[in-house]
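What follows is a single structure, written as structure tokens, with notes after it.
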């Protein structure tokens, strides 16, 4: 985890709730909380102006007989996009049920200031906020030295868009062709996805000032909407600040033969480029499904109802196996919400399969062990979990990096002042603004593993992504400048599971990603680590490297030594997918059809990352937004 994140809480204020009012207390620092307070106040004003009363959009908890056309479980990435589109024309009543609340209030600046994301991103032993995260831990991972890994999962309006790294890019064209082939539906090819990608976001190009001339960001603007009528509410932009180390990595990769990519959103990933984020280009704050889709809906729709701090316990069905609503719990009070048309699960890769299983849809053996009546025997529920890890060496550098925020008495206060007063400085950048994607190279993998990758994945699918992480994996407290040339594995073979050992959805499910379980993944991890070292050792990078490798140190040379270091220090990618996978009718592990409908029942869909048939080649956020747009369009069209 980035080391500086343990310190930044000293810059955060304390929040108190008294008599229904939010009270803000300034810290000794130049407080940043005004950013959160101002945004929340503006959002409230907008809703009051648009709808007359704030409460007109929020649930009458426990009101008998509450029924809506569509009930959406989970107010996260997909759930809020679906809610906005289904309620947009006012003809459908829509309820969103969210276990959390507003992250701006419950977590403050750590969720809004781009560089503060790492406060709650990892389990650092010091910072815990169960108000907006499920605090899920995995089973012990043999491939990661037996560690039980913290797995970030947003429990808040906005979901993991309020928690994650804000990275926005799309998969390769080959990935979406594979999706279409896997589910038997050509509407999932790249050309058919593209309108929904465009419909979900607003793109802003890089600023020419203060961006340095040697930090040019290229982008294929045809991948984004050409007019305001075609675009959506999510802000996609480049961070205001460019990390100093990134221009050196760019120059090094160019000399190593990496072609220049066009921003990673046009279906072509192989190459190098600065990467876009979901950061508002004017306020320079995190933009989420809540600040985009939800706020738009609250301003414009009369038919959306948002029910917060409410946990869904199970799905109700009638005698014809049609979903008729959900049983929920709000503060210990259990009640029911009805659905006239459909229930849509958007609870995420862990909680969507959990809800299916406690409601009687899943592997028969699992359900019978817990005395759950089997409504539909679906052996694929909770199977096929796919995620990856991030790894790499750390080196001292001669340019300013975000690692200075830890241990320097000047850098953090200065950065807070710059952000608070001018929206400039280190805090405008999340610390990872430069990426590259590469296929495996001849000789860096065994012939057998290379052949397996070539057979399993499309020709334009990268094996590795490389990230210029402007910080350290392991905390350093000396205030010096470090950077980690990092890599993620994108063509993995390990598969994990999500299951349950209780019928209570207040209990976390049992999550076992099985990272590096497959020996081919271990081989790729070592190859990626060596490639990172090769980049750092290049003539260009050596001009800015300021001494010997800090971590793990050059005494780690053999494959076994490197693999042990990776097992002990690598972090989760937090991009799990596939636990309620789409598939063809003859696929025994398919949970959904290509319209995201759950097999064996009626009136129930799953629309979130769990619906992916496989992990795409990179970050899933852009594809989750587009999937929600796509399925919502299908529903509205009556398909």
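Just so it is clear, glycine is given a Cβ too, placed from its N, Cα and C backbone atoms.
Model, not experiment: these values are computed from the prediction.
In three-state terms derived from DSSP, residue 166 (FAD binding site) belongs to neither a helical nor a strand segment and is classed as coil. What Swiss-Prot records for 77, 78, 98, 99, 164, 165, 166, 167, 609, 620, 621 is FAD binding site, and it gives similarity to another entry as the kind of evidence.
Mean pLDDT for the domain 'PAS' (263-301) in the predicted structure: 96. The domain 'PAS' annotation in Swiss-Prot covers 263-301.
Per Swiss-Prot, N-linked glycosylation site is recorded for 109 (among others), and the stated evidence type is sequence analysis.
Positions annotated as N-linked glycosylation site by Swiss-Prot: 214 (among others). Sequence-distant neighbours of residue 214 (N-linked glycosylation site) (same chain, 6+ residues apart, CB-CB distance under 8 A): 247, 250, 251.
Cβ-based neighbour count (10 Å, all protein chains) for residue 444 (N-linked glycosylation site) stands at 19. Feature annotation from Swiss-Prot assigns N-linked glycosylation site to 444 (among others).
Look at Swiss-Prot and you will find 501 (among others) tagged as N-linked glycosylation site, backed by sequence analysis. Here the Cβ of residue 501 (N-linked glycosylation site) has 11 other Cβ atoms within 10 Å, regardless of which shown protein chain they belong to.
Look at Swiss-Prot and you will find 1-19 tagged as signal peptide.
For the pair residue 501 (N-linked glycosylation site) and residue 77 (FAD binding site), the C-alpha distance works out to 27 angstrom.
Local packing around the recorded positions 77, 109 was summarised as the count of other Cβ atoms within 10 Å of each Cβ; on this measure the leading residue is 77. Taking every pair among 77, 78, 98, 99, 164, 165, 166, 167, 609, 620, 621, the residues recorded as binding FAD, the greatest CA to CA distance is 25 Å. Residue 621 (FAD binding site) is 30 Å away from residue 444 (N-linked glycosylation site) when you measure Cα to Cα. In sequence order, 74, 75, 76, 79, 156, 157, 306, 307, 308, 309, 310 are the residues of the chain that are 6 or more apart from residue 98 (FAD binding site) and have a CB within less than 8 Å of its CB.
Neighbour list (residue 621 (FAD binding site), Cβ cut-off 8 Å, at least 6 residues apart, same chain): 77, 160, 161, 164, 167, 168, 278. Sequence-distant neighbours of residue 166 (FAD binding site) (same chain, six or more apart, CB under 8 Å from its CB) are 114, 117, 277, 278, 279, 286, 287, 430, listed in sequence order. Within its own chain, residue 609 (FAD binding site) has 77, 78, 348, 349, 575, 576, 577, 578, 620, 624 as residues 6 or more apart in sequence whose C-beta sits under 8 angstroms from its own.
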